[in-house]
Amino acid sequence: MVLNRYSLITNCNHKTLGLYYLWFSFLFGSYGFLLSVILRTELYSSSLRIIAQENVNLYNMIFTIHGIIMIFFNIMPGLFGGFGNYFLPILCGSPELAYPRINSISLLLQPIAFVLVILSTAAEFGGGTGWTLYPPLSTSLMSLSPVAVDVIIFGLLVSGVASIMSSLNFITTVMHLRAKGLTLGILSVSTWSLIITSGMLLLTLPVLTGGVLMLLSDLHFNTLFFDPTFAGDPILYQHLFWFFGHPEVYILILPAFGVISHVISTNYCRNLFGNQSMILAMGCIAVLGSLVWVHHMYTTGLEVDTRAYFTSTTILISIPTGTKVFNWICTYMSSNFGMIHSSSLLSLLFICTFTFGGTTGVILGNAAIDVALHDTYYVIAHFHFVLSIGAIIGLFTTVSAFQDNFFGKNLRENSIVILWSMLFFVGVILTFLPMHFLGFNVMPRRIPDYPDALNGWNMICSIGSTMTLFGLLIFK
């Protein structure tokens, strides 16, 4: 597809906008990934290496921006925006999305939100709050620059508005513009993954918006929502944030489920094993995933009954998730199981890494274990296996499987693609697998220094990060 000079601001075609979402995703994701390479360069050995002692807040600023960019500006625009915009009307038999101009506006809001978040680095101390923006650190006028927190909040608000507009667009398209005779019961798994994701966004994003606006008013308008000195409660913000933050994980991964299901089904010319159960499993994941946000807060002093409920419900999510994994494997086994295309290989890698990441999530879901492993590198290893490896491989699978549609070129049989896949996979495994052992050795996250005894594992992690960088250069 040829994109002319002004098509970014004048085009309302869903395919063109989907391609722009993908380009923005890779552009923003490259920036976020390079920030993570800086972090791993700092952590390749104990003591401070490339960050000066008097400027150690730079480390906090880097991992804050890295987290926000990779979640809100890499995975979401790529999988939800790119895959959704390009394929949802096609899968519904609709000529176009319901509101093409609103779709165009939501795309144009993405770079604006990205620039706002990046501007926080230009403030005096930067926004070193972590991507969670916890008070009282984010509301303190003494330890940080409030301007940095302001622009991060505005960036998240703009990104949230764009996501809500896309969600309304997708749901309206499916409900009112699908082809005649195409009932909801026979829609594909990919379509349902986008519908459920849109519903979760509409449910949870207003709560995040309310939470960050309360932060903003605490900073500038003398409210005391989160100030315990005046009967405020910083734990309230954690509830508001994680009510969005945990469903956000499923918002990121559900479109990847749709992509993987579509790729496995089409590459092997097989119907998905248990097609309806796959849709039901995604619905169960969405409902249960919205009811377990407190498992991020086991160390905040919860009652025993509360911890028991959230532990059991968290572990319960493994049932529908396991259903999906077994159905994918059964679909593979009903075929000749050959690696027909690179997208088939990437799909298999996704299943392996997502299963491993989900298994460590079941371990962390146990309140007694999580108290010991909370805020250690075990947590980082867990969610990077699901997101950094799982969702990102889902994004690359999208590009690999549909490159004919996107670019009019077919590189599936190119050996460089297989080389890139293996180099990237080995790199990310080397990066994140040793972090489990660092977590068991109680290495705290968000700290740029650590004991000399942990040098070996950290060196392996940094080597893996460098391998991943070379793999991505090959992909480019």
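Think of each number as a place in line: the chain as shown, counted from 1.
From the backbone N, Cα and C atoms, a Cβ is placed for every residue, glycine too.
Matching His239, His246, His341 to the Cu cation binding residues that Swiss-Prot gives (His295, His296) identifies His246. Under the criterion of 3 or more C-beta pairs below 8 Å, with sequence separation of 6 or more, the transmembrane segment (61-81) and the transmembrane segment (278-298) do not qualify as touching, having fewer than 3 such pairs.
Of His66, His246, Tyr250, His382, all annotated as binding-site residues, the residue with the shortest Cα distance to His374 (Mg(2+) binding site) is His382.
Cβ proximity to the Cu cation site centre (mean Cβ of His246, His295, His296, cutoff 8 Å) flags the following additional same-chain residues: Trp242, Gly245, Val292, Trp293, Val294, Met297, Phe310, Thr314.
Where the transmembrane segment (455-475) meets the stretches 19-39, 151-171, 240-260, 278-298, 345-365, the count of C-beta pairs under 8 angstroms peaks at 19-39. Local packing around the Cβ, expressed as the count of other Cβ atoms within 10 angstroms, is greatest for Glu42 among the binding-site residues Glu42, Asp375. For His384 (Fe(II)-heme a binding site) paired with His296 (Cu cation binding site), the C-alpha to C-alpha distance reads 16 Å. Recorded residues Tyr250 (O2 binding site) and His296 (Cu cation binding site) have their alpha carbons 15 Å apart, per Cα-Cα distance. Below 8 angstroms of C-beta separation, residues 257, 260-261, 264, 272-274, 277-278, 280-282, 284-285, 288-289, 291-292, 294-295, 298, 302, 347, 351, 354-355, 358, 361-362, 365-367 of the same chain, each at least six residues beyond the ends of the transmembrane segment (310-330), sit close to that stretch.
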